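S.K.: Features from TrEMBL:
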- 25-45: transmembrane segment (TRANSMEM)
- 141-335: domain 'Peptidase M28' (DOMAIN)
- 351-370: transmembrane segment (TRANSMEM)
- 376-396: transmembrane segment (TRANSMEM)
- 408-429: transmembrane segment (TRANSMEM)
- 441-465: transmembrane segment (TRANSMEM)
- 492-514: transmembrane segment (TRANSMEM)
- 534-558: transmembrane segment (TRANSMEM)
- 565-588: transmembrane segment (TRANSMEM)
- 597-829: domain 'Endoplasmic reticulum metallopeptidase 1-like C-terminal' (DOMAIN)
Amino acid sequence: MEDVLTIPGRRTKTKENYDSNIHRLPWYAGWLLIALVAFCGTVSYQSLLHLPPALNEADLGQYPFAFIGARAWESLRRLEALGPRPTGSRANEVLAVQLLEQEFSLINASRNTAQEVLYDKQVVSGAFVRGWASVYQKVQNLVVKIVGEDGDRHALLLNCHFDSVPTSPGASDDGGQCAMMLELLRVLSREPRRPRHSIVFLFNGAEETILQASHGFITNHRWAGNIRAFINLESAGSGGKELLFQSGPQHPWLIEAYSQAVRRPFGQALGEEIFQLGVIPSDTDFRIFRDYGHIPGLDFAHIFNGYRYHTQYDSIEYLSPAVLQRTGDNMLALVRVLANGHQLGNSAARAIGNTVYFDFLGLFFVTYSATEGSVFNVVVSIAGLVVGCWSVLAVVGWRHFRFVAYEVGHGFVATLIGSLVAALVNYAIVQLLDRVLDRSMAWFSSSWLAIGLYCIPVMAVLFIVHRSLHPLCRQAKTIVALLKLQSFPTGYWLIVYLIVHTVGLLWTTQFYHLSLTMFIPIAGRASSDVNGDLPIAILATIWTILATSFLVPLINLLRKPCYTIALLVVLYVLAFVMATATSIGFPYCTPGPEQAPKVQRIHVQHTMRRFFEPNSTESVRQTDAGYVFNLWDRHSERTIRQVLVNQPDYSTLETPLKTTSLPECTTELSCGLPWSAFNNPSLWSPQPDTNRPNAPEVVQLSLDSRVDGNLTFLLSGNYETKVLLRPRPNVTLAGWNLTPGPPPPVRSGRDVAYQIRIYHGLPSDEPFKLTLELKTKAPFDANLPLVDISVTTNFCEYEENFTKRYAMLVRSFPDWTAVVPCVAVVDIYSF
């Protein structure tokens, strides 16, 4: 019997005739759909890059109380010229402090007579627990306050940090934000009327030492008790827009103030969710103010070009005054709204609740409560179903409604199956590139390759699955037929459909760009144990499905759908070949006239190990030297091995804590290696006695007293120190003098140890005291050790004292690497 279909009011058609009627879109319409996705992606990406031009001194006449980017740029230029400013260095503790104090003096001299500007230098010591014991000695905070009309009762805090990591000049992280705060201070101090509430500017000198100076301020400074809200200014990249990525918590009035004040919004609640999941290996002072000050706030950071974060390339060379101008404009407006609003002085006005917020291409900002969002989602979903069903029923009636339900269900199932298959295909590509071809991270320096490698396969698979399952739904009474869309002038209904959904396409591609902007550079410092292609593939899969799922069913309206699928396959093949067979797929690139550096990070410590006799701090039983390499990305080990084979006295590389090939791993705490090897995948390269590091001023440990299980030690020296404590079997650490209770121990390899980080700002004449309270099941025996202790002294501002061989090794790495050299002395004790 011939398969005949009937359309009401039309002549009888076979399936073949019906296909020619329904599938009326020309073959190139599929290519146009792909072009639409590319166009929207380009528009959303360009919206992330747009920055306003910077104002200069000549604009003061027209804008006397505006933020002047050129002045902030000059402040940044002077600060960056000091070079790297790690906590404890002369550049940070002396030169940077002098520079900032000079700026404060000039600002105070030019202030309006109506303003009262106060300055205080805080030198503070303390300790707190953050997964380990974080101890700081004499770190510095420079604090300036513009006194408000209500005196000292209520204040807004702005925070930046002027220190940097050892090998980076810190132009973006965080010198640019401090320069911007200086200009804010200058502008606000010249206004003819005091703000309603005081504004406190905190320039903290020890953030890179894991948020220590901010802890010293919020727990010890006399002005901290009056802080009612804060704005934290950070950087996880180098330039671009400042992203609002944390708020509150649960203080929607701050988001409302941001929405009211800022002309160029850039904030995503989704970024807050991602950051608080802990998948980003960074943190900010926001945590300290929130957890120890119990103060609500807003956290801003530059996230673009994270490749340069914490490298020598975070310099003024790769920034522009426009970056400071945009951030300064927004922060000036926000500070004025908060400092002159009523919320800081009225706790009842500081409403509590969860907030959803986002911007749309930087054009406008949307915010609503989480409750409103839930209600909105439910109402819109129900309304969509009701209106959709009613519209269809009004045209086709109940008689044909089952055909509509069948086709909608078919489309949902096809999309679900296609999504699952696409995820599996991308997972297979990840494994192929990483384990078979050894070409992972091809997208690291050419981020557009992520689109070719992981986005295009998702689109292709969705198209293929929808087209393959389409025969299951080959009925005359389709939605197109029942709604008589064929009677429309050619393409009109499709144009309306695409216009409506293009808004969503712009929005979702913006999220795609934001996600990969953050996570691609992170893959370069995520450790060798992490296959960076997997999270990138996951993100690409999710956002491609969300962005293009509304386009996918249109494949069934094309006359030649195979042409569209073929185009995607060709594009994927081209991307795959470029990633695996050309230099484009090489993950790293050197700085050039038109190319910003995207480098591989190499951390190498020239290490001397000293093993002391039990219960002794003077008698050394063994000493040796070597290089410790921390493996920060998937290809670190290959680069290190290629460099080392050309070095004199190269013997072998061992992988500590993962194997028993290193004899010390069976007996010594952390294999006798530095703290970094305890916390990260690493390699150990033994060196001869003739190549021991120069390290004359190591931190000295001495036993001050021992009464049963109560041991008191003194650590003398002002260098960065990392301490590991491993109680012996049947011994527990019941308490110590650092914090109310010790943090949970950390496991690495065979070791379970407590960790202490000790940082010094200004030098201290007094030794640091460490008291341990140990308990054991058996009676105490003075001859038996209770605890193993590893003390690592780090010398990171030490280039002039490198040995010739070590200096040669550091220079031997390719120019597409960013080498972080350091000298370390590890002393291993047992008491």
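Cβ atoms here come from the backbone N, Cα and C positions, even for glycine.
For each listed feature, how buried is it and what is near it?
M.R.: Packing against the transmembrane segment (351-370) from elsewhere in the chain are residues 43-44, 47-48, 50, 241, 244, 247-248, 250-253, 255-256, 258-259, 262, 264-270, 376, 506-507, 510: each is 6 or more residues past its ends and has a CB under 8 Å from a CB in it.
For the transmembrane segment (441-465), the residues of the chain that approach it from at least six positions outside its boundaries are 34, 37, 41, 414-415, 417-419, 421-422, 425-426, 429, 433, 516, 520, 523-524, 532-533, 536-537, 540-541, 543-545, 548-549, 552, 555, 561, 564-565, 568-569, 571-572, 574-576, 578-580, 584-589, 598, 633-635, judged by C-beta separation under 8 angstroms.
Cβ atoms under 8 Å from those of the transmembrane segment (492-514) belong to residues 25, 36-37, 40-41, 43-45, 47-48, 243, 268, 270-271, 303, 360-361, 485, 539-540, 543-544, 546-548, 550-551, 554, 557 of the same chain, restricted to positions at least 6 beyond its ends.
Remote same-chain partners of the transmembrane segment (565-588), defined as residues 6 or more beyond its termini with a Cβ less than 8 Å from a stretch Cβ, comprise 30-31, 34, 433, 437, 439, 441-446, 449, 451-453, 456-457, 459-460, 463-464, 467, 555, 598-600, 635, 816-817.
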S.K.: Residue list, the transmembrane segment (408-429) vs rest of chain: Cβ under 8 Å, 6 or more residues beyond ends.
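M.R.: For the transmembrane segment (408-429), the nonlocal Cβ contacts are 453-454, 457-458, 461-462, 464-466, 469-470, 472-473, 479, 533-534, 537-538, 540-541, 544-545, 549, 552-553.
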S.K.: Give residue numbers and ranges for long-range contacts of the transmembrane segment (25-45): same chain, 6 or more residues beyond its ends, CB-CB under 8 A.
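M.R.: Sequence-distant neighbours of the transmembrane segment (25-45): 361, 451, 459, 491, 494, 498, 502, 505-507, 509-510, 512-513, 547-548, 551, 554-555, 557-561, 563-564, 567-568.
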S.K.: State the residues, same chain only, that lie 6 or more residues beyond the ends of the transmembrane segment (534-558) and have a CB under 8 A from a CB inside it; answer 'none' if no residue qualifies.
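M.R.: Contacts of the transmembrane segment (534-558) (Cβ under 8 Å, skipping residues fewer than 6 from its ends): 22-27, 29-30, 33, 36-37, 279, 411, 414-415, 418-419, 422-423, 426-427, 429-430, 443, 450-451, 453-455, 458-459, 462-463, 466-467, 470, 480, 494, 501, 504-505, 508-509, 511-512, 515-516, 519-520, 523, 564-565.
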